[in-house]
Amino acid sequence: MNGHAAEACAETPAFTTPVSITAIDAEDYDGQLDRKLTKLKQLFQEFDPPQLEVFTSPPTHYRMRSEFTVEQRDGPLHFVMFDKSPAEETAAEAGQEAAAALEQEQGEGKELEQEEGEGEPERAAEQQAEAQADASTSAAAAAEAPAAAAVAAADGKKGKGKKGKGKKGGKPKGPRRVRVDTFPVATKQVNELMAVVREEADKTPELRQRLFQVNFHTTLAGDAMVTLLYHRKLGPEWQAAAERLRDALAATPTAAAAGVRPHVIGRSRKQKIALDADFVLERLTVGGRTFVQKQVEGSFSQPNGHVCQHMLTWAQDVTKPAAASEGSAAAAAEGSVAAEEGKEAAAAAAGGGVGPEDDLLELYCGNGNFTIPLSANFRRVVATEVAKSSVEAARYNMEVRQHAFNANGVSNVFLARMASEEFAVTMRERGSRRRLEGLEGWEALRLRTILVDPPRAGLDDFTVELLKEFDRIVYISCNPDTLCANLKAIAPTHRIARFAAFDQFPYTHHLECGVYLVRR
Ligand SMILES: C[S@@+](CC[C@H](N)C(=O)[O-])C[C@H]1O[C@@H](n2cnc3c(N)ncnc32)[C@H](O)[C@@H]1O
């Protein structure tokens with residue numbers, strides 16, 4: 001963790017209420033959210049934020065992705081998860097370690113990419129970032145059986161390291177295995193697919209043999225994919241069985257209604273077989289417009305599609321030229337002077353207005369989730385992301401032209417595959433990098449607004465310093481503790497003009513936040 005994020009934030013207890021995700025109480029949806037909001041307000045009190053804008057989740061069936069360990073030693077095959085509540089932190093650490101182990105295992109044999117020796121992130125560094133992003137998603141989104149923990153358990157790796165062992169070096173204190181036949185946290189479609197995979201894999205030796213994990217990825221649009229992970233090499237017999245499984249999955253109610261055939265992917269060491277495709281196409285509605293989004297298997301995507309739409313709409317609103325003054329959402333909705341008359345000067349006088357000729361810098365852009373809906377608010381967007389698969393997806397998402405999907409139509413984005421810390425140093429030095437070729441010179445850019453959406457660890461020190469150069473900052477965070485720590489460094493020069501909570505991860509102690517800061 002970086003220096004800033006390591007600082008304790010206020011004397012407030014951190015977000016550590018243990019909640020078992022396998023035993024949710026939907027009746028308590030409002031209660032669980034209230035408790036988190038109270039804690040959040042307490043944590044951010046020192047920054048004197050404006051009224052908190054709150055965006056809720058559906059109380060059940062909100063999570064688009066889920067990962068399960070397969071249990072098949074005794075009798076019929078079934079899915080299990082790991083209930084984190086007994087040893088929450090231990091489990092989280094075990095999950096992250098095992099995620100890294102899995103990444104390493106899957107990455108074995110891949111060539112490291114070293115381009116021109118100019119300090120570009122090596123594949124190993126990217127894998128670490130991707131694993132971190134993915135582990136954070138798993139852990140944050142559900143505290144529910146991080147894929148990694150599942151892999152570790154199935155591999156017999158759990159408890160190998162020091163973490164997870166009891167104080168006296170006795171039995172590892174891992175999370176509790178919980179059998180999961182239905183999962184109200186996940187979308188209805190995940191539940192439909194789970195039932196079919198369980199039944200088909202149970203009775204089909206080619207699908208069942210040495211299957212240790214199944215990942216489900218669904219969308220609001222009805223598109224879906226299922227990944228089966230094995231401890232054996234997969235051959236033509238597996239592929240034939242997987243094709244039959246795919247037909248059975250296509251007959252499930254949501255897929256049939258959407259007219260889609262879920263993709264099936266088989267993975268084992270150094271092997272990946274994708275029937276049809278290794279991605280899904282999501283459709284997200286933001287500000288009345290629908291955006292198509294390619295989400296790639298194993299890459300980061302926001303886990304709660306409903307709440308993601310709220311996040312994008314909020315970010316689009318705070319950066320809207322006419323309404324981007326420091327006014328609250330309510331003021332904007334009621335038609336404050338700045339919002340109604342679109343007086344950029346008034347907004348600028350208030351310290352917060354984005355001008356139509358302004359450019360946006362976005363770090364950690366992933367598959368272009370924020371980039372594309374926000375691009376209409378700016379003359380130009382410069383976006384960076386470190387994970388190769390996400391950068392490729394972002395390029396695809398910007399170029400989507402299918403008329404059936406209402407083309408995304410984005411042509412004002414410059415996208416570079418770079419680590420944020422490397423970009424921060426390059427920009428501060430007004431330097432050059434091969435990956436920035438094609439970008440008009442620094443002096444031609446009007447970068448006064450920055451959007452960051454980092455992994456749970458928050459921002460590194462270089463990036464925090466870079467933020468201070470901007471008049472307007474949109475900081476999206478899945479970890480209020482590291483957000484708070486980073487804000488301590490930014491608060492002397494910037495104040496919070498908008499403050500939002502997005503309940504992406506109901507019934508867990510995690511909360512997604514958005515802050516919009518303007519220069520004092
Ligand atoms: C929380 S995700 C947000 C992605 C995107 N904004 C979205 O809404 O889907 C964080 C992203 O940061 C990327 N990432 C992690 N470490 C990074 C680094 N050091 N530099 C740049 N990107 C990084 C991950 O690959 C991931 O895509």
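Glycine too: its Cβ is placed from the backbone N, Cα and C atoms.
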Same-site residue for S-adenosyl-L-methionine (record: TrEMBL; known: Gln302, Glu385, Asp453; options: Tyr364, Tyr475): Tyr364
Neighbour tally for Glu385 (S-adenosyl-L-methionine binding site), based on other Cβ positions within 10 Å of its Cβ: 30
Site extent for S-adenosyl-L-methionine, whole Å (max Cα pair distance, Gln302, Tyr364, Glu385, Asp453): 15
Tertiary neighbours of Asp453 (S-adenosyl-L-methionine binding site) (same chain, Cβ under 8 Å, six or more apart): Glu362, Leu363, Tyr364, Cys365, Gly366, Phe370, Tyr475, Ile476, Ser477
Cβ atoms near Cys478 (active site) (within 10 Å, other residues, all chains): 26
Length of the line joining the Cα atoms of Glu385 (S-adenosyl-L-methionine binding site) and Cys478 (active site), in Å: 17
